[in-house]
Every structure is written in C-alpha cells, then in structure tokens.
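A.B. asks: Here's the feature list from TrEMBL:
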- 90-191: domain 'PET' (DOMAIN)
- 213-276: domain 'LIM zinc-binding' (DOMAIN)
- 278-338: domain 'LIM zinc-binding' (DOMAIN)
Amino acid sequence: MEIEKELKKVTLGHEFGAGAACLKCKDKCEGFELHFWRKICRNCKCGLAEHDVVMNSEENKKVGKLFEDTKYTGLIAKLKTEGIPDYQGNMVTITLPIPKDVPMKTVTYEWAPPVANKYMLLPPEKRPVAGTEGAAYRRQQMARQLPEHDQDPSRCHELSPAEVKQMQQYVRKYKDEALGVGDVILPEEMALVQAGGPGGVSVGVGGAPSPGGSCHQCQQPMRQGEPAVYAERAGYDKMWHPACFVCCTCNELLVDMIYFWKKGKMYCGRHYGDSEKPRCGGCDELIFSNEYTQAEGQNWHLKHFCCFECDCILAGETYVMENDKPVCKPCYMKNYAVKCSSCQNAVEPEAQRVSYGDHHWHAEPQCFKCSGCSKCLIGQRFMAVKNFLFCSVECKKKIMA
C-alpha cells in the first residue's frame, strides 16, 4: 500500500499543475490531479483552467508549438520578434496619463499587442492586467480556444499510428490554410502600406478612400483615429474593431488575436477543429478514427463512452445524463438520485416522481398521499407545506396545529 502511494506521488509530481487549488470548488477539492485520459481533475471534475496554476510558461510553449514549423511567412515574421518556439508572451508595462501632482501609475498586461498603449481597447473586465480577473479570463481562453490535444498527438490518449498520421496531416493543413494572427493598425496607416509607404496616395484596397469602411463583425463604421484588426487570411479589405475580433461560433474574443479562417468565417482553434472533425464528449479530443459512436447529441470514442464517475463502459448498460455527462445507474443512485420525502428512499432514474420545489415523491399511492388522511393525491389538487402534503385545509390544520 505504501509503495502504491509513493508511486502515485512520484507520477503526479511530473504532471503540470499537480496539487493546485480549485478556484471553483475551493476546499472541496483536494488539489488538481489529472484524470488519466479525461482533461479534468479526478478530485473535483473541473478543468486545469479552473485551478490556481501559473500557466504563463506553458501558454508560451503552447503558442510557440502552434506556430513552429509553419511555412506561412507572415506568421513567422510576426512571431520571430517574440521568440519562436518559446514565444516570450509580450508582457507590457504601461504608464497611465494622470493629473498633475499625482503619483505615476503603471499597469502591467500579461499579454498585449505591440502597440498596447494605443490599442488596448478591450472591455475593462477582459483586459489581461496581471493579477486580475481579466488575466484569469485570458488563461481560460487559452485553455479553451487552443487545446494542446488539437495540435500535438503526444497530448492525446492512445492514438494508433494511423490516427497519429491523420492528426499530423490535419495540423499541417490548418497551418498552411487557416492559421493566422491579427494585425492591429490604424486604417489610414494600413492605406499607406497598401499604397506603397508614406509617399504613396492614402487610398484603401480597391481604391476606396481611407479612413473608411466598416467593421466586418458589427457593420458599424470605423471612426477617424480608431484602430482596427486586420487578418491576412481574410484579405486586407476586411477589418474589425478590437472588441469585435471574435469566433463566429462561441462569439468569444480570439485569445492573443490567434484566428483560424475558413470559408469566409473566423474561428477560434477549438471551433475550427469542431468544423473539421467530430470531438469526443469524453476526452475532448478530435476523433481521427473511422469508428466512433454517437449518443445524446455528442460523439464519443468507442472506449470513452463511460460513466463520468467510475469510468465503467456503458455500451448496453443503463445510464443517466447528468450535466451532459453519462453516469451509470449505481453511480447515479449514489451521487445524484433525489430522496422521496415520504419513504426516504432514493428515487430510481426510471421511476415516475412528483417534484414540488426542493421536495420529491415517488408517484405511487403509498408515497404521494395526504399527510392527514392518507388519500392518494396523484392527479388531485394538493397543498404542500415543507415536506408535508395535504388534500384539504382541514387535514392541514389537523397535522400542523
């Protein structure tokens, strides 16, 4: 037993984030412990992003891995200044303008465009200021929008050689055809670039005068001096307000302005992947196998359609969906089943029941009955007081007096 504990301890020591406190469950979670194939904590079922893990170095490695080995020269030129493949994160400290005779105030962003002092025009609650909810939001964005298991076969669970090859082809395809990083620049400056530099005529793409045009997302016009985000994959005739540079599926800001462009639409990494391949509802990985199952509106690896609590295989077994996750009947009865307010026994998932507020009863004459005269109340008018049921005011007075 002691050897088993020691082995577990050593193994977890190599897991990133092991033991980190859960920000959502607080003391109810014993600390982050990665499930052996789900991308969640074994103790509380929350993800890594919900735990108090300093992830900057891991984020930088992830973004560097995403862009390394790409033939897309625009991305290489942009990221060389930030350190491929390590991607140093571009942390920026800005001095804020303040009234006279007031001490200087500085703000440190965990990430910002190179021209952040002019262009950090995101909503205040989403600005990645170090130590704030905005910074935590960015870390969660990174984990959600750019999952490592969408780009690195070694982060996936037991892929076959054929599946590894398919995934490598998929990654190569999106690096060549879809992946990009937005440019933040004033439309009038972009017009100069398009016209051949400062000596050129200030006109936009296609001869349109600059500034001008409207945001591709909200369709509102761009104002004089207002910065815009441009996406090379989309063409420089399109622009976005910084706060409008979002995924077309989840409508979330694109973390670090990393986008995937496909058929005239902007995606985050996760939802681009979902548009290309089915995603397993168990391990959250894209499915590269020809054999998989569909259940409850989701796709699953054959070996991953398991109970969310005990991991037993559910093929051919009775299960219940709880929070969009399948749970076997024994685990449902132990962890989720409600108790009948009359007989105090757990209500089985297939049993009919009557619920009123926080109270539940078996829909049986022996349980759903008047607490005064024992009359069956199924299909009848009734009054409920706490966990008591009454057929009439008289019965209520008799019991509650």
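We count from 1, first residue shown onward.
Cβ from N, Cα, C; glycine included.
Owing to the predicted nature of the structure, the values given are computational and were not obtained by experimental measurement.
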A.B. asks: Go ahead and report the DSSP secondary structure tallies for the domain 'LIM zinc-binding' (213-276): helix first, then strand, then coil.
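C.D. replies: Each residue of the domain 'LIM zinc-binding' (213-276) counted once, the result is 14 helix, 16 strand, 34 coil.
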A.B. asks: For the domain 'LIM zinc-binding' (278-338), what does DSSP give as the number of helix, strand and coil residues?
C.D. replies: 10 helix, 21 strand, 30 coil
A.B. asks: Average pLDDT across the domain 'LIM zinc-binding' (213-276)?
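C.D. replies: Mean pLDDT, the domain 'LIM zinc-binding' (213-276): 91.
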